[in-house]
Amino acid sequence: MRVSKFLVLLPIFLAAFACFYSGALYFDKFRISYGINSELKRESLIRSAADSIVSERIAYERYSQTRSPQDEITLRKANAAKNLAVKIFLNSLSNTSDDTRMRDRLNEVLKNANASWESFNLSFFSFVELANSALESGQVIFRDVSIDVDIKRYILSLIRTYELLKNVNTAKEHILAVLMGKEKITESSLKQTVNSLKHNDINANLLPSGEIKDSIIRDIDKLENIETTQGYDEIRFKLKLNNELTRDEILQINAFESNRAKLFSKIANILADELKRLNDNFRIKALSLTFLMFLLSLWLFYAGYKTYIWLKNLENLNQKIKLIRDEVLKRGDRNPQNLIENFIALYKELLQKYEQERSFTAIKDRLLVRLNKKFYLSKEQILSSVATLKKDENVVKNELVFENLEKNSQIIAINYSNIKGLLDSRNGEVGLNLKPFNPQILFSNILEAQIPFTQEKKLNFLTYLDANISDELEGDSEKISVIFNMIMLAIIAKCDRFANLSVEIRNASNYAATSGITSVNFKITINQMCFSSEQIDALQLDDKNEIIDEDSEFYLRMARFYLSLLNTPLDISTLGGTGNEFNFTINLKNIKKLQNFDIDVKLKIGYIPDINTKYNDFFERTLESMRLEFKNIISYHSNQAKSCDIVFTRQTINKKASIENVVSLKEPLTPLNIARLIYTQKYQGASLYEKDTTFLLCDENPLSIEMIKHIFNYFDCEVVCIGNKKELKQALLINHFDAIFIDASFFENNASKYVKELRSLRDEKQILIAMTSNTKNISERELVSPFDEMIKKPFSKNELKRVLSKFEIDLKPNKENASQEDENKTAKNNSTNTLEEIKNTIKEKEDFREFLRKIKKNPISI
């Protein structure tokens, strides 16, 4: 569509911008109104505090004169009201310099509340002066803002009222100084007092006509009449003639000023209350209009956007109508019924393809997100392992790091195959890429790659890989990996946590035949009903037009698609309602014989059975396929275990570091993993999983633990530190320790009973060493019997080695300390030789120049 056709949208968007701008203006007015309201609250607190202080002072002076019970009650009430008003006002003050000054002056007034008349008034006038300035400045900032006209009129009147209050306070302060004899009263000093009251003094003419304006004018007229009747005109005339005033006349002027202060304070309260009422109404109105304008602008923007979409759709429809018209004109068949039927059929076909494409894309995206997370975790672990290798020289730990690197590399490779297969299936690149591969390595890798997925759901993952699949085979290893991984993803996506998932990969070939083909059978079993008979039947129909809603069904369709390339069906059964079994067989061409395992069949192999009987069955079948014999061992410490060259346990069983020939089988159980452990145990003399020498240190004093741990850090060992009895028992139940050091603070009176309880936690012999000191109440005699040995804190490295040597525990310095010790020895020897050489040279030559030449010819360390 051309741009000119979209000009109809311009008024809509202009109106939307206008509404948005109006909303911004109303919001600014709401912000100003909110500021006025906050200032009015602050002014109300100031006036309330000042009025309550004056009321208390009046009650105090009356009670001082009468001492009557009624006046005492009045004084107490006035004092309570003042305390409440002052507390609220002080809590509202911040830490700015102005608020700090006001707080200080108010505290001065409170301090002089019951002082003399002069002291009280001096401090009070000082406070009121600062308060009036704050009141006036608080309203001045709103004088020139754009807001409601009536609100602005009240603000101007209120500002003028505060100015008059400020003038009255200045006059009263001057009168007080005159009464105290510090100043002399003049006409110029009482300019405000000399002039009579007028209505316009507080800008009353600006106020809107009404009860409030009339009330203010009446109050001003009333006070003016009082001043006239009480002889204020004579005093004013006398003051203008510069005549001296008597003390009574000065007190009368002070009374007039007090009346004016009361009047202006009353007017200020009236104006503030009305201003607050008007401002509250205006604020609600401004906020409502703000929301209305913003909502209207959003609605107009949305309407413009929808109109744009409709116009685009109309344009597209117009183009399609033109295409249909041209197509009809080409065919010549202008039968309306046929045209409509063809059009409907074409539309349904396109819609179905679109839905299939959308379903596939959504599931593909979810799969890619999952695989990307696995990629990221594997990458982080690989980087961590590389960093460990760079800085750590511990051979045993490095072997574990290399194993971790290998595992994560396999996971990345398998996930890469999954992603590549997924993309190839959409790009049409689905041909077979036949290459030779080692089946033991490939199948071990694809089983290894499932570990993160099974661990995530905490599945009991059981595997059996037939060692008789020993020939090098030719096939598309990537497609085989994708098939297996897709089936596993489908199962894991549907099953619950803690389910039993078993995988059997066996050689299904006829050993008597010489066809040169190896049939590899894959059987995956789950003890939960992940797929019902109806779902299995729907999958078997392979309806390409069916829309796939579930990820698991999508994975199985992908697996069936690749299996069809290998001319292999996927058989799925329900096992009589107890679970699901997935079975398929792949025929692969033999290339050549491989020697995967070179193991001495005369090895004495032991096995400590697992609680899972199926795992035990898989272990037995695996060793049988490897032509190895073994015998079941009941206990680690039996004579049978000691007579074996190697004893296998499943990794779920805690390995005892004191038994050198016991190794743990990690998941998955494969011939390669078994062969690797046998080789490591036989030819390197230690298991990959053998732990360092480990000690348990028990002390309730954290500082003592750190001091003792520092001694252990010198040696090549690990130290576990705990600080209470509960952690001690938990540590003994979970782990094995070469020796346990327990501070005497862990015992009260019955050490024997407590140690007996600790020894009962494990079947094996435990080495318990008591740590004592001169500050402990328990005697060493009580510790001799239950403990194996005692050591007194603080102890040295040599003392620690001496005690442990009794139990044949040989502590060696760690590599860092050992190398440092060698460097120190070398440095000492070099220094000694150098000094000796210098000494001999000086003695022989007795000349410094000869000594320098000697050094240049014979380099030395120092």
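Even glycines carry a Cβ here, placed using N, Cα and C.
Caution: TrEMBL annotation is automatic and unverified by curators.
Under the heading transmembrane segment, TrEMBL lists 6-27 (among others).
Annotated transmembrane segment per TrEMBL: 286-305 (among others), in sequence order.
Across all of the domain 'Response regulatory' (694-808), the predicted model scores a mean pLDDT of 81. Among the features that TrEMBL reports, domain 'Response regulatory' is placed at 694-808.
According to DSSP, Asp743 (4-aspartylphosphate) is assigned to a strand segment. The 4-aspartylphosphate annotation in TrEMBL covers Asp743.
What TrEMBL lists as region 'Disordered' is 814-839.
Counting same-chain residues at least six beyond the ends of the transmembrane segment (6-27), those with a Cβ under 8 angstroms from any Cβ of the stretch are 286-287, 289-294, 296-298, 300-301, 303-304, 307-308, 311. Using a 10 Å radius centred on the Cβ of Asp743 (4-aspartylphosphate) and all shown protein chains, the other Cβ atoms total 21.
With helix defined as DSSP H, G or I and strand as E or B, the domain 'Response regulatory' (694-808) counts 47 helix, 25 strand, 43 coil.
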